[in-house]
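*Asks:* Quick one: the structure is below, and I'll ask about it shortly.
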Amino acid sequence: MKILVDENMPYARDLFSRLGEVTAVPGRPIAVAQLADADALMVRSVTKVNESLLAGKPIKFVGTATAGTDHVDEAWLKQAGIGFSAAPGCNAIAVVEYVFSSLLMLAERDGFSLHDRTVGIVGVGNVGRRLQARLEALGIKTLLCDPPRADRGDEGDFRSLDELVQHADILTFHTPLFKDGPYKTLHLADEKLIRSLKPGAILINACRGAVVDNTALLTCLNEGQKLSVVLDVWEGEPELNVELLTKVDIGTPHIAGYTLEGKARGTTQVFEAYSKFIGHEQHVALDTLLPAPEFGRITLHGPLDQPTLKRLVHLVYDVRRDDAPLRKVAGIPGEFDKLRKNYLERREWSSLYVICDDASAASLLCKLGFNAVHHPAR
């Protein structure tokens, strides 16, 4: 059994070698010749999986180690009788922590408290729900918009997008990309929406590039609209609008979900799905794969305020470490993908063991996802 895996899927070689012969290949582009005798294909979001790639090939199963699936023609796979699995929620924690790292940086730079801001969350799936929970644990007001879930009658106080635009100080997008249909998200943030944002608002896109109209956004910024912008995703990736990059406050190369834990979850989820597909079901404990974190433990004295939280968050991950490299190479062919391929190891907050002498600080840090314990001061 021959299994092709994206060369940038961590732990893929070791895991899938339990099931067959593994060949690691670049994800963009996949060499069609390598598909000629392969039984399974494991990809990331950079690989377009459709009829033109797989027609006439012996592939029986496709797995994507990503939460999003807009790069996969699922309807064609089903029609062709090819098994498929994604990894929903695998990088949700990573994206939430990216948003926090960005907001805490902007709050420190611009001198505001997040408690004084209302956060509008567009898309309340695996990422949006986790973001809502962590924000509300801190006492930060959230407004939720998710028309598909609202129409299904899912639990939640869902508002219209217009209401979020009117009342939110921070608007963050966490939707799939739907190019048409009743829940179209292509250019959901169009010129009209962008111009309608509150003065001084923060706009964040860490889902799919085309959810925000990049041309319209650049026009508004060039005209002097007072707006802070965080973009991890871009229309036309791996190409991006270099002028837009110079105008945004934080720009990164589609790495919001790139924690080691998130990548490992994606790989293990599709590994388990494929092992079940071929009748040799196996399960993998994530902690058996991950290395020891760089920081073993730290001690925190006193209550948890915003500056202290910012220091803890940035000790694990400071978004600026990914902003600067992109600005240096923007516009150079191949460099966007190179930044992603050679991405420095990044961990999640749970990797940081925090010993607190304040019980409320320990409790709150645990709610936020840190590995925190209370030890009273002696």
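One-based numbering along the chain as shown.
In case you wondered, yes, glycine gets a Cβ from its N, Cα and C as well.
Given the structure is predicted, the values throughout are model-derived calculations rather than measurements.
So Swiss-Prot lists the following for this protein:
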type     : residues                       : note
ACT_SITE : Arg208                         : active site
ACT_SITE : Glu237                         : active site
ACT_SITE : His254                         : active site, proton donor
BINDING  : Ser45, Thr66, Tyr258           : substrate binding site
BINDING  : Asp146, Thr175, Asp232, Gly257 : NAD(+) binding site
*Asks:* Measuring Cα to Cα, tell me the gap between Glu237 (active site) and His254 (active site, proton donor) in whole angstrom.
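*Replies:* Between the Cα atoms of Glu237 (active site) and His254 (active site, proton donor), the distance comes to 9 Å.
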*Asks:* In terms of DSSP three-state secondary structure, what is the assignment for His254 (active site, proton donor)?
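*Replies:* The residue in question, His254 (active site, proton donor), is coil (DSSP, three-state).
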*Asks:* Taking only C-alpha atoms and a 10 A limit, tell me which of Thr175, His254, Tyr258 are near Arg208 (active site). These are the recorded positions.
*Replies:* Thr175, His254
*Asks:* Do any of Asp146, Thr175, Asp232, His254, Gly257 (recorded positions) have a CA within 10 A of Thr66 (substrate binding site), and if so which?
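*Replies:* Checking Cα-Cα distances against Thr66 (substrate binding site), the recorded positions within 10 Å turn out to be Gly257.
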*Asks:* Measuring Cα to Cα, how far is Gly257 (NAD(+) binding site) from Ser45 (substrate binding site) in Å?
*Replies:* 12
*Asks:* Determine the Cβ neighbour count for His254 (active site, proton donor): the number of other Cβ atoms within 10 Å of its Cβ.
*Replies:* 23
*Asks:* With Cβ-Cβ distance below 8 Å and at least 6 positions apart along the chain, what are the contacts of Asp232 (NAD(+) binding site)? List them in sequence order.
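*Replies:* Residues satisfying the criterion: Tyr98, Asn205, Ala206, Gly251, Thr252, Pro253, His254, Ile255, Ala256.
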*Asks:* Measuring Cα to Cα, tell me the gap between Ser45 (substrate binding site) and Thr175 (NAD(+) binding site) in whole angstrom.
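*Replies:* Cα-Cα, rounded: 15 Å.
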*Asks:* Within 10 Å of the Cβ of Arg208 (active site), how many other Cβ atoms are there?
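*Replies:* Taking every protein chain into account, the count is 25.
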